[in-house]
Structure formats: C-alpha cells, structure tokens
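Asks: My questions will all concern the structure given below.
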There are 2 protein chains.
Amino acid sequence: MAKSQALQTNLDIDYVIVYRFAKKEKTKAIAQFEKLVEALSSVGLQTEVRNGDSHSVLLFARVASDEHLYGEVYRSRVRDWIHGVRAAAPPKETRDALDAEPLYEAERLRIIYQLITNPISEGGAGITPKEGEWKNVESIFALHDHAYNKDWIRKWTSSYFLKTEDLDEIRNRLGEKIAFYFAFTQSYFTFLVFPAVFGAAAWLFFGHFSALYGIVSCLWCTVFTEWWKHQEVDLGVRWGVRGVSRIEHKRKNFKHEHITTDPITGEKVGIFPVKVRLQRQLLQVPFALAAASLLGALIATCFGIEVFISEVYSGPLKTVLVFIPTGILTTTMPVLTGLLTKFATQLTDYENYETHAAYETALTQKIFVLNFITSYLPIFLTAFIYVPFGNIIVPYLDVFSLTVRPFAEHEKQLQAPGTSWTINPDRLRKQVIYFTVTAQIVNLGMELIVPYLKRRGFSKLKQMQSERAARNGGTSPAPSINDPPEDAAFLKRVREEADLAVYDVTADLREMVLQFGYLSLFSVVWPLTGVSFLINDWLELRADAIKICVEMQRPTPWRADTIGPWLDSLSFLTWLGSITTAALVYLFSNDGLGPDGTPSSICAWALLLTIFLSEHVFFVVRFGIRIAISKLSSPGLQKEHRERFLVRKQYFEENLQDLQKLPKMKEIGEEITRESLEEDARKSSLRESTAEERFWGRQRGWKETASVGKDLIQRADVETSVEGKKEL
Amino acid sequence: MAKSQALQTNLDIDYVIVYRFAKKEKTKAIAQFEKLVEALSSVGLQTEVRNGDSHSVLLFARVASDEHLYGEVYRSRVRDWIHGVRAAAPPKETRDALDAEPLYEAERLRIIYQLITNPISEGGAGITPKEGEWKNVESIFALHDHAYNKDWIRKWTSSYFLKTEDLDEIRNRLGEKIAFYFAFTQSYFTFLVFPAVFGAAAWLFFGHFSALYGIVSCLWCTVFTEWWKHQEVDLGVRWGVRGVSRIEHKRKNFKHEHITTDPITGEKVGIFPVKVRLQRQLLQVPFALAAASLLGALIATCFGIEVFISEVYSGPLKTVLVFIPTGILTTTMPVLTGLLTKFATQLTDYENYETHAAYETALTQKIFVLNFITSYLPIFLTAFIYVPFGNIIVPYLDVFSLTVRPFAEHEKQLQAPGTSWTINPDRLRKQVIYFTVTAQIVNLGMELIVPYLKRRGFSKLKQMQSERAARNGGTSPAPSINDPPEDAAFLKRVREEADLAVYDVTADLREMVLQFGYLSLFSVVWPLTGVSFLINDWLELRADAIKICVEMQRPTPWRADTIGPWLDSLSFLTWLGSITTAALVYLFSNDGLGPDGTPSSICAWALLLTIFLSEHVFFVVRFGIRIAISKLSSPGLQKEHRERFLVRKQYFEENLQDLQKLPKMKEIGEEITRESLEEDARKSSLRESTAEERFWGRQRGWKETASVGKDLIQRADVETSVEGKKEL
C-alpha cells in the first residue's frame, strides 16, 4: 500500500487502542490484554491486533454490527430527550429514528468512545485509560480523516471569514466542544473588525488615551460578551446540544465519605458532605493569595530591576544588562506557574467534586487566577504603581543595585538622579505593545513550531535508540518488521499518530479569553491592539486547524453547549475593563502626565469618582444591552420554538381526545318547561330538601334564568307588584 | 335563615357575577344578560339569578356536572405537564388522575374562573368583566368561606410564627400568588428577628452609626435576599407551580401592527415589531427623569421650607408653622403620585406588551421608581445634601421666607444666624424614626381603618339614598324586598360582599419591599429599625389576613412561582444599601459630624474609597453567599428530584425494552475455530477482496485477537523468528 493510499483510508477502524506493557510483567500484561479484548467484544466491538512501537501493541476496534451501534445511538438519544436536550422522543423503531435523523460522524465516534470507556454498570466496557487496572491502556484515539483534513485546511486558508456551515462541518467531525471553540474565536474575529477599524482611526486622529476610544471599546466588549451568550444558545439549538451540560457525568475519582441509600432512587450512593467541600474550597483563598504574592513578588522584582537598570543605572553594558529581568522571568516563570498549576490541580482533586463539569469549572477558575496574574500584573504595575508613585518608589530601587554592581564603574552610576528623575511615559505603551504584538506572535509560533520540533526530536531519538539497539545485538527490532507488506504503510501512519500529543481545547480557549482581556483592559493605551489581534486571530484560527490535523491525535468528540467557565472570565474582564479604562484615561489623558501635567497632582477623589461613574454607567448599559439582545430572535431559537410547539400539539391531541365526548350544559337546559318546574317545586316542598337544593331549584336551565333576569331588570325602578312576588 | 347560618354556607355557589345595567338601556341590557347566561351555560355552568342592589342583578353560577369540571382540570394539568410545570403526564383516565391528586379549592376556583373568562377559542365563555360587550359585568367573585376565615384569623392571632402548613392552607384557599406574598412576609418577619436583636444591642452598646452594625446589616440583607430566591424555588416545587410563569397569557388589549402567518404554528398572529416597542420603552427615561424632577422638586421645596422654619425662622407661631411643609406634602403628594401612576399605566399600555407577565413587570418597574423617590428621597436629601452642604445651602433658604413672612414680627426673624449656624445632627435620626415607626403605624392603620370607614360611609350613603327615594315616592325599593324569606339573610350577605373592594396583592408586596428598603438603606442611622419592623410585621401579617377576610371580596386565586419583579427591587435595594450604609457610616460615624468633628472636613476621596470598597466587598460576599445557598438542599428540590427520577426511570423502561433483544458480540466470537479461519483466509485470497475485508479478516473473534496479542507481547525484545512471521 503506497503512502498516499495509507492516508486515504482508515480501513473502517473506529478506534485505535495503544496497549503498552512493561518489560518485567509480561504474564500479567498478557492476562490483562486478554481481558481488554474480551471486554471490548462484550460490548459489540470487533478487534484486530498489530505490533506497535517497542513494548506496545496496537489494538484496532470497530463496531461489529450496525444494529448494535444503532441501539446505542437510540439509547443516547432517549437519554437526551429525557434530560430535555431534545424536544421530542425519538420514534420507537430504532431504524426509523436513524433514518429520520442520520448519525453524524462525531456522534458515532462519541458513542463508541463512551461504549469503550463507560462503566460496565452503564453498559460500557469500563476501560479507563491509564487508570487502575487499565493503566497499560496508554491511549484510545480515532484515526485522522486525512482527506477531510486536507480539504478543511485548504478551504480555511483561502477564505477571510468562516461561515456557519464551516462550523457545522467541524461540529460534525470533531464534536460540539471543539466546534464551540472555533465558533467563539470566529465570532470574536468578526467582532474584532470594528475595534480594529475604530482603533486605527483613534490612533490616527484622537491622540493617546482618548476617552472616546475608551467608551467605545468598553461598549464593544460588553456587546460582544452579551452577544456571544445569545449566540451560544443559538448554536446549542442548531447543533441539538442545548442543555447537555445538565447531563451530569460522575467523576471516577470522586471519593465518598460514607454510603447511604438514596431515598429517591433506592440505590447505594457515596456521599461527600457539602460542608466539608465548602471548607476545603476556602483553601482557595490562601491559595490565590499565595499565588498572587509569589507571582507578584517575582514580577515586581523583575520589574524593579528593569526600571532600575533602564532608568537609574548609567554604567556600562546597560543595553545588555537590561535583559537580566527578562531572563529571570522567562526562566523562573514557567517553573513557578507549572508548580502552581500542579498545586491548583491537587487542590481541585482535594475538593473532591462529584461531576466532571464541577471539577472543570473549579480548575478553570484557579487557572484563570494564575493566568490573570502572569498576563496582566506587569501592566497593572506600570500603570497604577510606577506612574503615580514612581517618584516615591524609584529612589528605593537601589536595593537592586546588587544585580549590576559588578558592572558599575563607580557608585554614582548606581544612584538615582534625584529630583531630576521623571517617569518614562512611554514605558506603558511599550509594554502593552509587547504583550499584544510580540507575545502573541511568539505564542503563535510556539504553538506550531514547538510541537513540530518535539515530534522531530522524538522520532530522531527513537531512530537513534533503535540504531543503538541494533548495534548492541538487535534485541529491539523495528516494530514494523512483522507488518504484512500490504498494511505496512498504513501501520506506519498509525504508529505516527499514536505518538502525537492529545489536543486540549481549553488551552486554546484560555488563550483567546486572555487576549480579549488585553483588549478590554488596556487597549486604550494603544488603540492599534485591535488591528494586531485581528491579524493574529485570522492566523490563529488556521494555525489551530493545522495543529489539530497535523500535530495532534484526532480529538475525541465531546458535546458542549457553552464555552463553560470561560464565559464568566469574559464577563469579569469586561467589567474590570470598565474600571481600568476609566482609570487609565483619567491618569494618562494628558500624555501620561495626569490631567494637570504632572502625575503628582492627580486628584484621588476625581480618579475614584471617574472609576465609580464609569463602572455604574457600565452596569446600566450592560443591563440595557442584555435586554436589547434578549429580544433578538435567531434561527436557532425559532427552530427550538417550532419543535416545542409541534411536540406540544401532538401531546395535546393525543391526551385530550377523550375529553371531547363530555356533554355540554346547553343540551340540558333546553327541554325544561314551566310545568316540569312547578312539578319539581311541589316535590321539593313535599320531601325534606337541603338549602342548596332549594336555592338551585328555583331556575332550571339558562332560559329560565334569563327570563327571570329580564323580569328583574325591567322591574327595577318600578314599584314592587304582588305579581312579581308570586312569580319568584 | 338566621344570619349566622347565612355565614355558614355558600350554597354550592362557585361564583357570583354582578350584572349592573343603566336605567336608559334596559332592552340592550336584557339582551346582553340573556347572552351572558347562555354563554355560561355553554361551558357547563348552572345559573340562578337574584335581585341585586339598585340597577344590578346577582347571577350565581356553579359547575353543573363534576364530569365537566374534571375535564377542565385534566386539560389544565396536561397543559402544565407540557410546559414542564409537572414532571409526569397525568394518568390518561380523568377519574384516576383526580383520585391520585385531588383538586384543592384554589385550583377549582381558578379553573372555573378561567372557564368563565377565557376566550371562546380556548374553551371558555369569553366573559371579560368591564370590557367591551361585557362592560355591564361589574365583577365576578367567589363567596368568602366564613368558617375558614374565622379559623384562620383565630389561629394566626394566637401564634408568633407561622408554619409552612399555615402557608399551605392559604395556598389551598387563596391560590399561590397570595400565598407567595404571605410566605415572603413570613420569611422576612422570621429573618427580622436577627436585625431586631442585633440592632437593639448595637443601639445600646455600639453608639450611633456603628460600622459593625452597618456590615452586619448589609450581610443580613444579602443573605435574606439570596435565601428568599432559594426559598421561592422550594415553595414553587412544594406547591407544584414551579415554571408556571413560563406559561404565557396573552393580553386582550395587545394591539398588533400587522398580521402574519406564524411559520411555526400556521396560525394568523398579530405582530408588534420589537424595534418599535424598544423605541417606546425609551420614553421611560424621560418619564423617570420627569417624575424624579417633579417629585424631587416638591420634596426638596418642602424640605427647604421645613429647614428654614425650624432652623432659621425665629418669629412667633414657629411650632405651628413648622407643619406647613408636612401639610403641603400630604395634600399635594397623593395627587401628584396619582397622576404619575396614571401616566405610568398609560405609558405601559402604550408600550403594548403581548403577555400579562411582561406588562406587569414593566408597570411594576415604573411604580417602583415612583415609590423609591417618594419613600427615600427625603432621607437622601438630609443625609447627603443637608449635612455635607448645609452650611452652603442654608443661607440661601431665605427664598422660603415668603411662606412665613406674614407671621414674622421683623426682618431679623427671617434671616439666617450667619456663621453661628450649625447643622442639626438629630434631624436625620428623627426623619428615619418618622419613616420607620410613625409612617408604618399610620400605614397599617390606613390599611385597616380607611376601607372600614369607606364601607361604613358607603352603606350609610346608600341607606340615605333609599330613604330619600322612599320620601320622594318610593321609586327605588330596597333590593331585598323581593327576596324569598329563607334566602334573605344569605342574599343580604352576598350584596354586602359584592360591595367590597378587590384585593390587590402587589400593593401589599410593594409595601413590604419598600419597608425592606429602609432597613437596607438607612437602618445604620437608627439600629432599632429592625425592632420596629418586627413588631409592625407581626401585626401586618394579621392585619392583611383580616383585610382579606373582612374588607375585601374573596380574591380570585391565581398561580405564581415567584414574587415577580419585586425580587429585582429587593436585589437592587440590597446593593444600594451597601453604598448608602458605607457612606452614612463614613459621614456620621463621629455623631453626625464627620470623622474630624465637623462636616466640612469630610474627605471626598476617603468617602468615595469607602463606598467603592464597600460595594465591591459586597459583590464578592454576595457571590459567596449565592454559592453557599445554592448548595443547600431543600425538601422541595428533593421532591422535584425524586419526581423527575421516577419519570425518567419509567420512560427509560418503556422506551428501551426493545433494545435488550439485540445480540451481544460475545456470542459471535465463541465458536470460531482455527479451521474456519483458514477456510476464510483461503476464500478471501481466491476472490477479490477490499483492503478493509483483508485487514479485518486476519483475526476472527476476540480469542484470536487475544492469542495473537499474547504472541506479540511475548515476542517483544526477542528476535524475530520465521515462525512468528508464518503465524501472522
């Protein structure tokens, strides 16, 4: 099979399972492998095994019979309906259900993946990669559809804007969770056109720190955030996933404190007291404080050193020494963030959430705090510490003289120039440009190039290892040596894909949200931010597509109806933007030197009043925008409306048919005559009757009531006659 | 029938309809009356007519057959189920459905009321009191259940706290909407115990404007508001009404701009463009501004006059003249508020909402703005204008000298005492005490006594009229003159109830929310506020019960799952409280004279910083409280959980039965032998086979895969043997 052909077909394989075994425990590994194959077979999966890399085998699985898969699909759809994700129950005949609404690829892959990984009690095979008894199962992944991938990248790289159909395509292939990331980034990209154009105009005409730009930017951020919330609902309906976040997936690692019988379901369930969890969650406060202090101290120190070297130090090698703090940051920051992230994960584990969604949210919040500090603190330091208090602080910076003392020729080079020193108004702008242009480009490069280099290096290493092994006596032969020649090219490709990294969509989402933060918090410093981001995001969307296709294993398709906790981060950044923008405009509107020309004369109450007003105007405007956007109709909502109406109509018709048979009062009233009434009256006076019977016995039928009423109305204002009395 | 007996029974009457006719149009009135009776009969209601007051007849209606009513109940319950208010569809057999869940009185009355008033297209009789062709229908009301009312009042007046069962009782009798009012007031009353006790302690030990009291008070308000939101859900589930606000009731007065065919339902529907409505809603801004200026000007003027007279004026009659502004306020304010309320109603009409709920919300918001100004502006003026700027403003107050000039003996009595004048620090406290004690008592009295006097006056008037009529020739006889003697007492009672006012629960709710406002906004001024409110609300709850029983017609029971837009007002007041409390504590913490002893030395930036911090701490704390409260379980939520679980289980069982029949893979894999495999291999090599067939044909059944896998694992690290190749 030629290489190009190997990329053309996936040979009906649904999932590849990489089974890696230790040299020492082969017997155990063999027994466990047998169990694995049996478990897969028990849920209706056909298997084939081939040799993998050293110490691994590749197990291929596909659904044995369509009948069985359809059963699973039907089960999943019924579950959706019961949780309110679908308006109507799928038709009872499985085959009909699938004809009415064919399976899309991501749905198929998701269901098979769940079939493999779900607990046995829920009808799955219970294979949990890397965990417990299945720790030998290294990964479970589907094979890339190279023909589609090629098409995808070609299509995207040749168009400016993505259409909803392009996103539908992604949803059909990679599932809703990834599709939501692309939909978000695409919406953000489209919205960016406005701040890019307006920002360029502001940069050209309005001067620096323009209040008008600040207001428009805040407004834009608010509109975007609120609009995205609306769009999320629309997409959720369009993709039929609205409400899937309500379907809870229990975490396997959840540890219960005691077991009780659920009064509702009658099942034994593990309970973890809410109070204990709340107590553990309180640890987040010291964690956030500690993380903030650690990262803050590191950033502040480097910041101080940099200011000292660039603005105080006047000795030799200044141009080189100025990079010391950057060096410190780039080496220690990743280590520190790595440690803190690990700690955040442990803390989240310790908080012991019951569902995946709760766990993800808790972890995301912690990660956001860390990212917030590392991304924005340097600019905060410059804007709100260095500028207003620079005159007070800079003289104390000679504590950092230690770092450059060896290079100084005499003491004077290490001393602040006294009263003549002024703050550098350009520092803030330079810093913002660094974060919004340089850092973004570096980031984009890292995303594409680092995995590529890693992959190349890894394969080089392997080659070297096997060469060395060959030299040492050939104990470890190339895995491909046993391949049937016709499958060789295909298996080589599978082995390559098995080596790829696993795609994590939240990392990409985080990147976008943090980028949005620069725009909402600091773009008033440098209005061209929008232009930079517009270009960056066009590339980012394509780069992410390439990354998924080339650098990563094909992601398992998951469902989602939102970008999840990042939405809260987005709202938070928008709100904070209303404060920072107002503060920045007030502090720097006169070219970095405060409204009166010097930063020392900044009026604290005026600053606070500006912030206070800006924030509260923001609240009111956001309220208005929310209402206006909530009135917008959308294709998705209309679709939902229609579906629900049809379901309702059908139910009503089914349930209320029997009721039509009931008699209406009309037919009773007609045949009553004066005679029968008098008859009744006589009867009732003869036998004992209740007050009710007597009261309601006077007028029988509506015609009688009408005629008595007519009498009463006519006789009003006329003197009572004996006749009238009789009649009653 | 004796009077006591007349109060004991309602003679099976469901509703009384008061039909009033003009003297001039008797023929028309008679025709319309006939139509009315026929319409009622057509929906299965039996009728009896009796003479009413002058120019009115009383039409009694009751459900003719239980069968018919049950049909309506069933229909209503199916509708609930379809809208998601009930977890499960009611059993198909109507009788079973009612046996499983018997009808409660409020449900019965609501359904009959809807039967009378719903449009004919929806299965009702289409009677719309006081509107269109039914303008002669003055009112439709149910008769009081006097035995229950007596019990109710006796029970409540003899207990300190109400239990949930007491609220259930109200819900069963008067419907969920009124029950929600009582539940809210009761929750509020229970919560008040804390600020009453803590406030008393603060008053005794912490001195005035205690920061500690302010913090605790804000915290309490937040906990109460958030807890009530939680409680609302719980009660909604308990009473089976959670989600009823989703069932939309179209307004009859909605005017469409054009008619289109709904693409969803295929019905002709009137459309009113959202954009036009948004434009009309923008009129709210000038309305709010105009109302604020008008009311504000009136209040500020009276305030100015009062300050002038009490603090500047030194002539004779001062003790009397000081009541001038109160006099102006009490005479002009009701007129002005009345006009503005009317205008607000017209504006809301003009905004042309499609559903009742939207209309109510829009109107409530406007009314809240009006009430906010009239209730709180005087205190705001004192606290934030009079105290900080008193020294500047008071000298200008001699514009008000006009009001008292006639009484002054010489000019000097009209002149400000110059620099010696100081603000009166007691004014604020006196004002708060006035609003939280005096005004509350007056209000309570008004609620009970005014309707009583009105009723007495009205009946006196009637008596006089009929006496005069008798003197003038007796053209208008007493309506009772035609009553059958046995019904006379009963009919007298019905005529009395027909004269009563209609109960409006939103007015009572508004009162409670505004009261809460004093607590959240200003209680730091006078910590005994809580004590006053605690006493007041104990009485209020009982007074409202008495009011409903004695002063009002029996209210038509409506459903609700929330206190509606007032909930937003509650949140708003809590938030505003975090600002005003901080500001008050800062401004007055040193006994009304600012932190430095004189109000002039108040630091603007420190005040703003206090407010800013307080508000943001409030946001964080509210977020925390929300999370903590959302974790609380409650009987209601557990009930809902259980119901949904049972429904889910049932559906699953019904729908997934067929799936069990599908074959599992296991059975396929077992019987495959080496021989059959080799057979297959030979076959496949003979005929043309696809790559997929060849790939998947190598290992048949999981045992084969397992054994090949075993080989591969064992052979790892071992040199490839020719044997191994063969086997594959």
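Cβ coordinates are placed from backbone N, Cα and C, and glycine is handled just like the others.
Checked TrEMBL, it gives:
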DOMAIN    B:12-137  domain 'Anoctamin alpha-beta plait'
DOMAIN    B:170-643  domain 'Anoctamin transmembrane'
TRANSMEM  B:178-205  transmembrane segment
TRANSMEM  B:211-228  transmembrane segment
TRANSMEM  B:287-309  transmembrane segment
TRANSMEM  B:321-340  transmembrane segment
TRANSMEM  B:376-397  transmembrane segment
TRANSMEM  B:432-453  transmembrane segment
TRANSMEM  B:516-535  transmembrane segment
TRANSMEM  B:572-590  transmembrane segment
TRANSMEM  B:602-625  transmembrane segment
Asks: Take the transmembrane segment (B:516-535) and find every residue of the same chain, 6 or more past its ends, with a Cβ under 8 Å from one of its Cβ atoms.
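Replies: Residues 188-189, 192-200, 202-203, 206, 208-210, 213-214, 217-218, 221, 372, 375-376, 379, 383, 428-429, 432-433, 435-437, 440, 570, 573-574, 576-577, 580-581, 584-585, 588.
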Asks: Take the C-beta pairs under 8 A between the transmembrane segment (B:211-228) and each of B:178-205, B:287-309, B:321-340, B:432-453, B:572-590. Which stretch has the highest count?
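Replies: It is B:178-205 that shares the most Cβ pairs under 8 Å with the transmembrane segment (B:211-228).
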Asks: Could you give the residue numbers and ranges of same-chain residues that sit at least 6 residues beyond the transmembrane segment (B:572-590) on either side and whose C-beta is under 8 angstroms from one of its C-beta atoms?
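Replies: Cβ under 8 Å, 6 or more out: 208-211, 214, 217-218, 221-222, 225, 383-384, 387-388, 425, 428, 513, 516-517, 520-522, 524-525, 596-597, 599, 602, 606-607, 610-611, 613-615, 617-618, 622.
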Asks: Any chance you could find the range in B:178-205, B:287-309, B:321-340 with the most Cβ pairs under 8 Å to the transmembrane segment (B:376-397)?
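Replies: Highest pair count goes to B:287-309.
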Asks: Looking only at the domain 'Anoctamin alpha-beta plait' (B:12-137), report the model's average pLDDT.
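Replies: The answer is 83, the mean pLDDT of the model over that range.
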Asks: Do you know the DSSP helix, strand and coil residue counts for the domain 'Anoctamin alpha-beta plait' (B:12-137)?
Replies: 60 helix, 22 strand, 44 coil
